[in-house]
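Everything below concerns the one structure shown next.
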Amino acid sequence: MVEHSVHLSLELKVFRCTWWLLSKLICYQAGITHSVFLFLFPELVPSIMSNMLNPDAIFSNNEMSLSDIEVYGFDYDYTLVFYSKHLHTLIFSAARDLLVNEHRYPAEIRKYDYDPNFAIRGLHYDVHRALLMKIDAFHYIQLGTVYRGLSVVPDEEVIAMYDGSHVPLEQMSDFYGKSSQGNTMKQFMDIFSLPEMTLLSCVNEHFLKNNIDYEPVHLYKDVKDSIRDVHIKGIMYRKYICYAEQTRAVLAKLADHGKKMFLITNSPSSFVDKGMRFIVGKDWRDLFDVVIVQADKPNFFNDKRRPFRKVNERGVLLWDKIHKLQKGQIYKQGNLYEFLKLTGWRGSKVLYFGDHIYSDLADLTLKHGWRTGAIIPELRSEIKIMNTERYIQTMTWLQTLTGLLEHMQVHRDPDSQMILEEWKKERKDMREMNRNFFNAQFGSLFRTDENPTYFLRRLSRFADIYMASLSCLLNYELDYTFYPRRTPLQHELPAWSDQPCAGAFRVPFLQETVQIK
């Protein structure tokens, strides 16, 4: 018994010493030298530093060979063309002014300007409670990321409102992320929704700060309508195109290899024509076998009743019955079932790219068997952050703390419990630091503290491959096969306490962890 106590005391001292030393060395403010890091973790450094992620890579959820793809399809906005953040400022300001001028909102809301760093894609908005939040793949709210207006809601208040942090299925957004038929949550999946989320939060903030009684449902509808009107009234987007210099190179590569190509977009003909002339050239239609505008996705994929209409050079709609989709022509509306009948392009030989996981990809992969590629511009910046030394150090220590907590929780003596509480507090602080690497309010687009986000869950289900931009295709031959990386399931992982030790404490599966974060 005495021998056991001495052994435990010695083990405790080793743990305390290691915890103190590592927390001092690996902390965010102080940094760490390579020599010390190598001394403490001789097996860790190669597994981290030699596995930097490539922000220009294509990532696979499902095995797919480009040699099987004969037809390539594209959305337009944020797929073929990208816009500068100044466009979001313009959308925010125009919609804000519409609220004042047409919906009679207080003129004082004009004092709010667009903050490009406030929101991220994939957030949920509780329409009835006027709360913006981040939800994980299991419908749990990430505490600390619930905002009423521009202020975070205390965790205790969130738990009281939702009887915990879980959102039941019937309250979640519907299949397309909308709040309808009793669903109280709206999920913002479109990149154009960033100014909408920010405007909602700013107007909520004004009402709350000035004790103005209002109906959150009406506010949500008015902001949604104002954002829609900004798009319908036709802001001139062309001058806000930020970069698309690789679009022509991608299209030319596919054309040179004899691939068929088509464009299906919700944008109007004149807008698409001006943009494509700007980024590709006046002969852009020669690259596409079929061009469809104002398709009204996702209805385009489900409504069999709407016929195609031809658009002439002056933008006038013709009344001719469409028996064939001709190259060089532009068509409006229509539906996918007629599209399949007229082209014969079916199944897994078709690969379609889009940025909206629901409107662009979901129906195609679930109902029609097309292969799908998601364009996620945020991917590039997040990967660059993940490759920084500060992020790697923070994640290394966060993983180490988790292992220490699991290993030491069996010890019930006061000294052990005191250290465990200190570790828990530090782990909480490290999680907040990790979130701040990406977005101070909501963190990463792809992860909550531990779990994948609801956004990533849908991305994994509806996209065979995903990438930051179409230009990533230029890095691959057109017979390349994408293989999803096999990552261990939870029951395939040994417990933290069963991991072999090397040096002080080895972080298990760090190489795999770094690769899948």
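Even glycines carry a Cβ here, placed using N, Cα and C.
In TrEMBL, annotation is done automatically, which means it is predicted and not curated.
Look at TrEMBL and you will find Asp75 tagged as active site, nucleophile.
Counted within 10 Å of its Cβ, the other Cβ atoms near Asp75 (active site, nucleophile) come to 24, all protein chains included. Summarising the annotation, TrEMBL assigns Mg(2+) binding site to Asp75, Asp355.
Within 10 Å of the C-beta of Asp77 (active site, proton donor) we count 21 further C-beta atoms, all protein chains included. What TrEMBL records for Asp77 is active site, proton donor.
Among the features that TrEMBL reports, GMP binding site is placed at Asp77.
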- Cα distance, Asp75 (active site, nucleophile) to Asp355 (Mg(2+) binding site), nearest Å? 8
- Query: Across all chains shown, how many C-beta atoms besides its own are within 10 angstroms of the C-beta of Asp355 (Mg(2+) binding site)?
  - Reply: 23
